[in-house]
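Student: Following this message is one structure expressed as structure tokens.
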Amino acid sequence: MNATDTGMQADPTDLIQRIASLTRMLRDSMRELGLDQAIKDAAEAIPDARDRLRYVAQMTEQAANRVLNATEAAGPIQDGMARGAQALDERWQQWYDQPLELPQARALVQDTRAFLAAVPQHTQQTQAKLMEIVMAQDFQDLTGQVIMRMMDVVGAIERELLQVLLDNVPQERRDEANSLLNGPQVNPGGKADVVTSQDQVDDLLASLGF
């Protein structure tokens with residue numbers, strides 16, 4: 001954009017001040033992100049946003065591996081119980097259909113009692129694996145805070161950059177785009193003067209000639 005071509009006299013000092021303010025805001029936000037007390041113990045060694053994203057990816061991968069390992073360990077336990085129960089059920093059905101000799105009946109009863117005696121142990125093993133799956137989800141508390149804070153930072157930067165653009169474009173373009181400045185909102189509540197999607201952000205930039 002050329003101030004001479006548009007008839008506007010841009011104020012370089014004001015633009016520089018805005019950029020400086022944006023830089024300070026970014027640095028302050030990143031500093032706050034690094035020192036946030038809720039995640040300090042787990043993430044205080046991560047110095048910048050790139051490392052934070054790597055941290056989120058690592059935590060997610062670790063949780064996925066824990067879930068997969070627990071599932072793979074619990075599967076054979078459940079399969080074994082299912083096969084044992086099915087085999088006993090078939091043997092009992094055969095006895096009902098045709099009475100067994102005493103030694104065979106005694107063996108069936110003993111096998112059934114042995115199966116039932118092993119059920120609590122198998123149940124405890126399965127419960128332990130289920131608890132491991134539940135505990136693997138604890139990463140969401142930490143990574144969720146990191147992601148939400150970074151989203152807030154990105155949203156604030158986007159709004160500030162859009163405001164800088166609006167303040168330095170011709171008046172006719174500013175009037176067209178100004179109603180979209182209020183920024184992306186998850187729940188616009190029926191308002192027509194807010195940006196509700198990334199497409200509208202793109203439309204706003206297009207209306208400004210970018």
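Glycine residues also receive a Cβ, built from the backbone N, Cα and C atoms like all the rest.
So Swiss-Prot lists the following for this protein:
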{"type": "SITE", "residues": "Gln145", "note": "site 'Enhances dephosphorylation of CheY-P'"}
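Show me how these features fit into the structure around them.
Tutor: In the three-state DSSP scheme, Gln145 (site 'Enhances dephosphorylation of CheY-P') falls into the helix class.
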Student: Can you tell me how many other Cβ atoms are located within 10 Å of the Cβ belonging to Gln145 (site 'Enhances dephosphorylation of CheY-P')?
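Tutor: Cβ-Cβ neighbours of Gln145 (site 'Enhances dephosphorylation of CheY-P') within 10 Å number 16.
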